[in-house]
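A.B. asks: Can you keep this structure in mind? I'll have questions shortly.
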Amino acid sequence: MEEKEGSTPELRERKKSSSLENERTALQTLPEKTRDIPPMRRSPKYVLFQRFAKLFLGCLAAVTSGMTYALYLSTYHERRFWFSSRQELEREITFQGDSAIYYSFYKEMLKAPSFERGVYDLTHNNKTVSLKTINAVQQMTLYPELIASVLYQATGSEEVIEPVYFYIGIVFGLQGIYVTALFVTSWVMSGTWLAGMLTVAWFIINRIDTTRIEYSIPLRENWALPYFACQVAALTGYLKNNINTSVERFCYLLVSASTYTFMMMWEYSHYLLFLQAISLFLLDSFSLMQTDKVHEVYKIYLLSLFLGYLLQFENPALLVSPLLSLVASLMLAKCLQLNVKKGTRIARMMKVMYFYLIFTLTVMLNIVMKTFVPHKENGHMLKFLEAKFGLNMTKNFTMNWLLCQESLQAPSQDFFLRLTQSSLLPFYILVLIICLFSVIQAIFRRINGKPLKEIVTLEDGQIGERPEIVYHVIHTILLGSLAMVLEGMKYLWTPYVCMLAAFGVCSPELWMTLFKWLRLRAVHPIFLALILSMAVPTIIGFSLWKEFFPRIMTELSELQEFYDPDTVELMTWIKRQAPVAAVFAGSPQLMGVIKLCTGWMVTNLPLYNDEDLLKRNENIYQIYSKRSAEDIYKILTSYKANYLIVEDAICNEVGTMRGCRVKDLLDIANGHVVCEEGDNFTYSKYGRFCHEIKINYSPYVNYFTRVYWNRSYFVYKINTVISFQS
């Protein structure tokens, strides 16, 4: 008896099959007479079939969820814009701002005589912005458009589907992959694909806060984030302890491929990977996972940065990125740490100073790289952050305009209210608190010298011992911290809120961890954890279905219509009346639409990653300021503009946020207002240009001639020969 009872823990630690463990445990609790009867064991074929059926059904549910979401987006887009019933010009007008620029280059690639010629024209582009030759592929990250154009022509889709449907179809398909990847991540963490179904439900219900696909289809993040979701799913599987060697190898390859692809699709991808690297660094520093796996991921980062640098036309932004500095510092510091492990005191001192060492090395290496590598790495963003946190007050138009953008402000109360109404936020907070406290317990166990458990059983109630859980807890805290400062970051954070909350309520280990803390004895904790892991998500799913499913079906049944006749008339006039060599000036959002719909050259673009383009936008916006006709004329002719377009919506804008109208920001930058704080600003002796030019009196008629107008737009030809009239 004693010998058998002493061997039980050893069997549990060595074997993975929970069914055999339960049978042996139950066998020992039986009377001796009954114990001699051989137990009924399931055959290996039955167990294999059961696992296969579970895997098959889970994969089927994941793929079905992704396809359903892609179909939902396509249907909603059609019903919202009545897309199939529109002419090509009206369809293109639905692409606004920077989205119009991306799609215009896709059109140019399809018109090119060959792929090589099309790529050359984009990399030496002098037909988009006047007096400026740009490498559009590098500056605007046009690899999605290159791939889409190749696929469209290589698959022979010209005779089957229109280019615009092929383009948006790829993006909607990627969103389906996005949802599938979130499904798989939650499934891998919880062990049940019920968590994946709940993740998808929360994602769709909160789609106004999880994605911007409804408002701007060609955005770089809509192309890139599905690959990042695949990378996170593969990384989750890779970080798990005691996984099959072939599965681990597959996850490693998927992490490598998706990391590189993600980096090629979005210019800001290395910043998001930087946050991920910080999460892995903390995971390794507290000895919560195998160090070798972390090093392998670091190598993936370095390889992706190297290949990205070469294939992105030697993009210096990747060399001066914080990701490269951090990973290089981590690997160097790890080598130093390994060399001093023989001495106990030195090793402990090194452990205490490890964080300081990493921080110092990272900063120093980044400064060195920026010193020797010529770059223009978004210097305006650093100025924006200084102004955002009140470190530097500025009257600069561009900085104040960025501060007024909704996506760059703190999230509103409506955001938290929406997440609460869908029950997502309360369950996320519950799951995060339980996981976070369990992780803290695991960290203290490592500090006290207890080794990392390779197998964490349900009876242990220590969900914080699982490295993939620790990674997601740290990652979601980092993303959430940024989302609390910048609302635009919610589109990165909220999808993982859906995934983590769904994993938690469907995980018996999380409930078991809670019951261990509560020391529950009235009911068997394992039995109650299993019941709650099925009952709670079922109740949540039923309530979500009852409340939100009718709303979704109502949205799909409503037939909306995109109606913008003024813009259609303007584009039609430009294509029919304006010379082919004409250059147009106006607001950057309108210039993007003109470039897409007409192909005419413009003076500025709605892109904010280039200082020269930002300066152009500020200068062209002066048409809504209190400047003289001569000043505006000099600005426009310096960019070789032939036509000026004044938008009535901007000139007569009634902003909801005080001081954030374009004309208010211009008046502050130009010193043409008297502020309440007592700044010594003076009134301008000139009226607002966009108002004065409509009156058609001297000196405005000397410089500009009105050639077209409708309710929204006024087009003026910029006179090449000035004739002064009395």
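Even glycines carry a Cβ here, placed using N, Cα and C.
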A.B. asks: Any idea which of 319-340, 583-604 is down as transmembrane segment in TrEMBL?
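C.D. replies: Transmembrane segment, as annotated by TrEMBL, spans 319-340.
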A.B. asks: Which stretch from 52-72, 272-289, 352-373, 425-444, 492-514 shares the most C-beta pairs under 8 Å with the transmembrane segment (187-205)?
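C.D. replies: It is 492-514, which has the most Cβ pairs under 8 Å.
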A.B. asks: Are there residues at least six beyond either end of the transmembrane segment (272-289) with Cβ under 8 Å to its Cβ atoms? List them, or say none.
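C.D. replies: Hits for the transmembrane segment (272-289): 228, 235, 239, 241, 259, 262-263, 297-298, 301, 321-323, 326-327, 330, 354-355, 358, 439, 442-443, 446, 452, 465, 467, 470-471, 474-475, 478-479, 482, 492.
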